[in-house]
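**Student:** Okay, here's the structure, questions in a sec.
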């Protein structure tokens, strides 16, 4: 029934266009007549149970209503064009009766096209066909218009207000009904239509699935664009200021100067504030960025009461003790008891305290400090556990006693079996490491400054520096063959022949003499020696004379029995020297403030200057790898230099409160140590990585104590093979620390 009525309505809509056809088919006339009768029956029988109001074509509740919303106007236009074409064909071919059947087929096709139309004009087919005629013209008539067939549409009888009110109260869906004045009927809105109206009243999009903030889709492809969107040249007006705007600005400026244009002055707010208000809520913060509220006075407590309890009132003895105190330490207020408020006298210090308070407010500076809540433990670097860095020396294992004066210097033999020591009592001793037995003693007239063992295992020769003399002593520890070679080496029978200038220069600096007492060699210098150091190959020895100024550093060659001056100009007083352990010809000299690196193979060419920033350098040691250097100072600081990284210290360690006397590296273990006049020695873990992108790891391990406070620790040396440390103290004792 619904489809039939829909088809009838469509035929009614299309019929006016086909009225121009002179001859209609009987079939179409019958269909129009039957559809008209069915529509009248449906309108009259509104309360019929078999009738469903949604099935009527053109109603808001019809099933075709939703499908007709999306019909396009293009299809409707094409449908009208086909109708016009067919109408013209029928006019031309109306004489032939055979064309009627063809027109019926074309009409059915047009109906199918009309059903598929999505034009907005075909959403609801109006029942009233009067068009745009005002309805006021039908106010006094019994009808309101005409339908598509030309019949009058009679007005419905209006109910009384009481009946209409009762009807609305009984109907729960009355709020969804809308009166259509044009067609004289009530239309009931569906749930979807009510939702659309509710969203439009809220100012939202009618359809819920519509996204007003959809992402922008760039229609232009910028990837392959090699030409601009517009290749027109830039107009000249974009580069030249507008003269009309300049004239307008000049006109406004002149009007302002003449007073023709006046501006409203802002009203000045009265500068008032709460006298007893909180300073934190005042406007001073917004006006002054650096404003800091003054500190609050301490609120009065129980002791300021006019009738305090007895425990707050001092006794006479306490009052007498207050008089003996300094004025700064004396309490400013002494509690007293009064029977009533009327008996309280005037406060004698009121004026003075008010004056002091004013002085504190405008004379005492206040600084705003930003406090950051940071856990102090989080600022400490994450270091590995000391248990994972074992072995390292941590306890005293053995003591070597025999010297009567402070032990100034010690040196270990390459095999680690023997250790040599020199003292201010003028004695040089050789000790057996494992047993502590004193093997040999040499006695001299002067205090020994420094001792150094030859680094070659085949030549157990000991160099001893004291005063202006340097001795090469035969320790007699090798085999018979080694002793023969050492005796031949220490003979001065065949000195090298030099020219007169060379003889004069060598004699002015150092003079080689035989030592008949100990069957060795004695070299006498023109200034006192302070430090000596062997070359890793054992043939050269550097000697430092701080008072020698430009000739303060010389190099002795033992095999040639000759002394050589450095081809460099000394800058500052030398403190100590080092030979590079890996590169031949690299020589390091430490003055009081700087460390300089020279290349002796290139006539003393300077390579690098290390800036320590220390007050005075006291000692220096180089890592076995040759790229890292540790410098100790007389202010208790120790600097670690990565010579490949920078000329400034990588780390500065401040551990000792007093002067550092010596520093040293272990030959095989990642350990280094420092000793000081505070009678302690610090042991550190210092690991150098082969990866240049990784910084050295420095971890403090142990503080070694045991020497008396007399003189402190004057020297420290590591065992060449074991993680042991030897310390020489001012208490004339040598200690061995083991793990």
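A Cβ is built for glycine as well, from the same backbone N, Cα and C atoms used for every other residue.
Sharing the record's features from TrEMBL:
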type: COMPBIAS; residues: 1-18; note: compositional bias 'Basic and acidic residues'
type: COMPBIAS; residues: 25-36; note: compositional bias 'Basic and acidic residues'
type: COMPBIAS; residues: 37-53; note: compositional bias 'Acidic residues'
type: COMPBIAS; residues: 63-76; note: compositional bias 'Acidic residues'
type: COMPBIAS; residues: 83-107; note: compositional bias 'Acidic residues'
type: DOMAIN; residues: 138-393; note: domain 'BOP1 N-terminal'
type: REGION; residues: 1-136; note: region 'Disordered'
type: REPEAT; residues: 400-441; note: repeat 'WD'
**Student:** Excluding the flanking five residues on each side, which residues at least 6 beyond the ends of the repeat 'WD' (400-441) place their CB within less than 8 Å of a CB in that stretch?
**Tutor:** 447-453, 455-457, 460, 462, 464, 466, 473, 475-477, 711, 714-722, 726, 728-736
**Student:** Under the DSSP assignment, what numbers of helix, strand and coil residues are found in the repeat 'WD' (400-441)?
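**Tutor:** For the repeat 'WD' (400-441), the helix, strand and coil counts are 0 helix, 24 strand, 18 coil.
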**Student:** If you average per-residue pLDDT over the repeat 'WD' (400-441), what number do you get?
**Tutor:** 93
